[in-house]
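Asks: There's a structure below that I have some questions on.
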Amino acid sequence: MDEKMSLTVADAVDYKGHPADKSRTGGWVPAALSLGIEICERLSTMGIAVNLVTYLGGTMHLPSATSANVVTDFMGTSFLLCLLGGFLADSYLGRYRTIAIFSMVQMLGTCLLAVSTKLPQLRPPPCKYTDVTQCEQANSFQMGILYLSLYLIALGTGGLKSSVSGFGTDQFDEKNEKEKAQMAYFFNRFFFVISTGTLMAVTVLVYIQDEVGRSWGYGICSASMFIALLIFFSGTKRYRYKKCSGSPIVHICQVVSAASGKKTAKLPSDISLLYEDLPEASRIHHTDQFRFLDKASVVTEDDYRQGSFMMNPWKLCPVTRVEEVKKMIRLLPIWATTIIFWTTYAQMITFSVEQATTMDRTIGHFQIPAGSLTVFFVGAILISLAVYDRFIIPLCKKWRGEPGFTNLQLIGIGLFLSAMGMAAAAVVEVKRLSVAKKYNETTTLPITVFYLIPQFFLVGAGEGFIYTGQLDFFITQSPKGMKTMSTGLFLTTLSLGFFFSSLLVSIVKATTGSSDKQGWLGEHINKGRLDCFYGLLAALSFLNFGLFLLSAVWFRKKTVKQAPKMEIVVKESTIEEKC
């Protein structure tokens, strides 16, 4: 019997629902099959996002600030819907079905987008003027079809993105040291591998969109996702599946509800009197922070009915469940101070691309597509990760005896680099605007686009550090039962960063402009003050960096007070404590 158990994975099943056989399921190959979905998701989402602003301005004839907000709203919604995907995966569908269903939704969205960019009835007539105010804008029906396509893609992205990394790690047994090491290797290389999808998006795909046709570019996205789905389905018999364990959101609501319902209850001076029903090995020890939540674990007369103890999870929660919620709350200051990074990131795929469209992009007889300038952004990510992996980690092991920087240090480096990137962007924009004033009527300004490299490189290198740092921080510091939710929490920083960019653009446009004055942001970036906007973002980024340092110090100083070892046995009419 013990030998049979050693050949199976305790908390996983195969496609028939039987205990997963280690020799026939899981491992590197099934985990790698799921990566194809994520690579194609990156290919579609980034291939659309980095070049969408040029389509909105050049084809749909939308103003500069409006185009930027359409892109950031699309990206923000994509990442916000990751919470929905995580909830469905945890509570109802499981990760496998969630990935399959929402991959199909995204494929449908890219197919519809390809059709909408192909049919002339779904876009306004061409315009020879460079000033979009003199051109006919897309009507509500044309924009409606475009929005339907984009938000189908956003729904698909959000649904599958929070489950792919988790499904990949499900293929390894954490209790097996060999497989645990393989999982760590898979996890560390996950971001590097999927960045190849981004690299393909900003180079090959953007070139096809500009030189061959957007419908061809978006059609390739749809076809590649179809192929990735076939590959994903081919591994069905080899995957390990985890059963739905219920949504952490429900568990959090239960703790809040129980604590609110007992707000008048008095906390015992002895924390060992708080309710706990989990075995010692599964418990999280009590902490002194956020004591108001401890009331959810206070046993009162209301927990008895007709003399018998009745455990209602909405009225009484074990200490471990309360501590899980406390752990999630402790993450929030770090979570909040990483949002601004993704606001600076948003500028790299919106206003920075618009800057590139006005500059000289030729190398010999070849003209670089404006959206492909983000290749320096992706290149910076890959270079920074390679340098960190091959040089910094070995040096840290040699000098400090530690395998690289901590996750908080990685996040701090990323925030600082992004702030420097925005400062560099402001300086470059001052130079570009000075040239624009001299050559007011010129479509392409006599200034090389390579002036934009510093801002792309600094923010890109920042993403390389902050993405890996955030992902590691939210997964390792969250409770074991809330890993999927912590991934969703991490992805909401991306969402809120994009939404904050839209909000900031709207506020700046409203406060600096008027009916007779464009202000910092408006119809065309050559007539605005994008340098001031970048300067504002640089100032906010440096201020945020300071707040992050304070939050990191607070997080590291948290103290843990352990309760006496005890076992609480719940019987029909009494609660017996054994110390």
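Cβ atoms here come from the backbone N, Cα and C positions, even for glycine.
TrEMBL lists these features:
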- 70-89: transmembrane segment (TRANSMEM)
- 96-115: transmembrane segment (TRANSMEM)
- 145-169: transmembrane segment (TRANSMEM)
- 190-209: transmembrane segment (TRANSMEM)
- 215-233: transmembrane segment (TRANSMEM)
- 331-348: transmembrane segment (TRANSMEM)
- 368-388: transmembrane segment (TRANSMEM)
- 408-428: transmembrane segment (TRANSMEM)
- 448-467: transmembrane segment (TRANSMEM)
- 488-508: transmembrane segment (TRANSMEM)
- 533-555: transmembrane segment (TRANSMEM)
Asks: Where, among 70-89, 96-115, 215-233, do we find the most CB pairs under 8 A to the transmembrane segment (145-169)?
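Replies: Answer is 96-115, with the largest number of Cβ pairs below 8 Å.
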Asks: Would the transmembrane segment (533-555) count as touching the transmembrane segment (408-428), i.e. at least 3 C-beta pairs under 8 angstroms with sequence separation of 6+?
Replies: yes
Asks: Within the same chain, where does the transmembrane segment (96-115) have neighbours whose Cβ lies under 8 angstroms from its own Cβ atoms, ignoring anything closer than 6 residues to its ends? I mean 6 or more beyond.
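Replies: Same-chain contacts beyond the flanks: 34, 37, 41, 44, 48, 85, 88-89, 122, 145-146, 148-160, 163-164, 167, 214-219, 221-222, 225-226, 228-229, 232-233, 236, 239, 241.
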Asks: Near the transmembrane segment (215-233), which same-chain residues lie under 8 Å Cβ to Cβ, leaving out any that are not at least 6 residues past its ends?
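Replies: Distal contacts: 33-34, 36-37, 39-41, 43-44, 47-48, 99-100, 103-104, 106-107, 110-111, 113-115, 117-118, 205-206, 208-209.
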Asks: Where, among 70-89, 368-388, 448-467, 533-555, do we find the most CB pairs under 8 A to the transmembrane segment (331-348)?
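Replies: Comparing 70-89, 368-388, 448-467, 533-555 against the transmembrane segment (331-348), the winner is 533-555.
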